[in-house]
Each structure stands twice: as C-alpha cells, then as structure tokens.
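Comments concern the structure below.
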Amino acid sequence: MGQPDGLSNIHIPGLIGLIICLSLYGITLSQTIYFFISFSQSQETAMSKLLVYGLGVADTIHAYMVCSVFWDMFILRRLPQSNNLHSFVLPWEMGMAFLIAAVMILVVQMFFCMRVWIFSNKQWPLVIIIGVSSLVQFATGLQSAIRMLSNSQVTHVLGGHRRETTQIQLICGIICVGTISCSLVYYLNARRSGMPWSEPVVSKLIAFAINTGSFLCVVTIGNLILFQFDPASAAIGPHIFLCQLYANTLNAALNSRKRLR
C-alpha cells in the first residue's frame, strides 16, 4: 500500500525546501563563526552575543528536525518492516520545526523593531505596527505548530479549511518586514549629514535594508501565493526555510559592521 496523496504530494517541494534549508544552515554557521571571531575582543554586548549564539543553536535544532522529517518519510517508511498506517501521519518533528521557526522569526523581528525604535527617535506608531504584526505572526505560527503536534494526520494539518491561520501568519510577516525596511530606509536617508566620510556608510546601510527587506518580502509573498493555490504541497517548501532567511539577515546586519568600521 502506497502513501496517501496528501503526504506524497509534499515530497518534491519538501525536498527542495530541505536542500535550501541545509544550504542556509551552512551560511548561518559561517556567519556565527565570523561574528565570534570578528567581535570576540570588541566591546560587543553580552545580549548581542547571546542572540547570535541562541539563533545558531535554534537553527541547528531546526535543521535537525527538518532532516529527521524527511529521513522518516524517504527512508524509514520505505523499509519492508515499516508500518504503513504511519504513512498517514506527519512526523512530529515537523511540528517542532515550525514551532522553532516561529520563535526564531519573532526574535529577529523584535531585534529590528528595536532598531527602528532607536533610529526613529522612539516613534511609537511604527513600533506598534511592527510589534503587533510580529506578535500576530508568532501567535498564528504557534497555533499551527501546536495543531500539528496535537494531530499530525495529513488531512487535519494540510486540509484546505486549515489554511486561514497560515495565511494570516504570512500576511502579518509581510506587513512587519515591509514596515521595518521602509522605516529604516526613511530614517537612514533623513540622517544623511552630507559629510564625505559618512555618505558611503549610510548608502551601504540603506542598500542593505532595501535588499534584505525586499528579498524577505518576495519570498514571503511567494509562500503566500503558493499556500493560496496549493496549500497541501508546494507551500511546504519555502515554509521550511523562511525562518533561516530571518536568522541570516540578523547575522548579516551584525557582521556588516566589521566592514563599515
């Protein structure tokens, strides 16, 4: 007896997501190592070091969980002695991976929310928009992960009537990232002093905010479109590695200071 369509349909998108996930994990490791080498002797705050270290650990666990999911689906369930009844159930590691992803995204968004708060000279309306959208995204992501952990039946997790929660999660992510990126670009541009030595630095910071914000928005919008039209298969790919894009964005923001000094 083969696997049901609901589970077999996520094999190819999931495998693509796994490959990108592992590639991004390698970048996370290299950026984490670079951070501790570059800033080990500097006056870097303990909070920044803890943040980078914590994201590195979380990303390691996330990558392990994703690998475990597809090891189970591609290898263990194809062994002669495997129980075919389990083919109707997603591995529990998938729910844990989504839970870790929700936490990672929240942490990164709150980090950049603080940056907007500082650059905007404590403009609370912007902070409220970013904070509320980030918390709603976290709450909906947490709900999806808990639902997956409590009932891993394919029809329960990937059913079309369950997609509203994930749609809200992705829309809030787009709002949050878009607001962060636009705010940073606006306030960095407003702080141009016209001094020759500062102009290149500000220009690089603006370019970084535009590039990372645009890329995250494009990937999230793509994930939302896939989830709208094919929630039970294609959308699983980008949903797997989205949190790692956030982690690498934060690491890149911290590591870029080395070149700007």
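Including glycine, each Cβ sits where the backbone N, Cα and C put it.
Note that the structure is predicted; figures quoted are calculated from it, not measured.
Marked as domain 'DUF6534' by TrEMBL: 175-259.
According to TrEMBL, the feature transmembrane segment maps to 12-38 (among others).
The annotation transmembrane segment is assigned in TrEMBL to 50-74 (among others).
Annotation comment: TrEMBL describes 94-114 (among others) as transmembrane segment.
According to TrEMBL, the transmembrane segment annotation covers 126-146 (among others).
As annotated by TrEMBL, transmembrane segment applies to 166-189 (among others).
The transmembrane segment feature in TrEMBL is assigned to 201-226 (among others).
Positions annotated as transmembrane segment by TrEMBL: 232-254 (among others).
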Segment-segment contact (the transmembrane segment (50-74); the transmembrane segment (232-254)) at 3 or more Cβ pairs under 8 Å: yes
For the transmembrane segment (201-226), sequence-distant contacts whose Cβ falls under 8 Å of one of its Cβ atoms, 6 or more beyond its ends: 167, 170-171, 173-174, 177-178, 180-182, 184-185, 188-189, 191-192, 234-235, 237-239, 242, 245-246, 249, 252-253, 256, 259-260
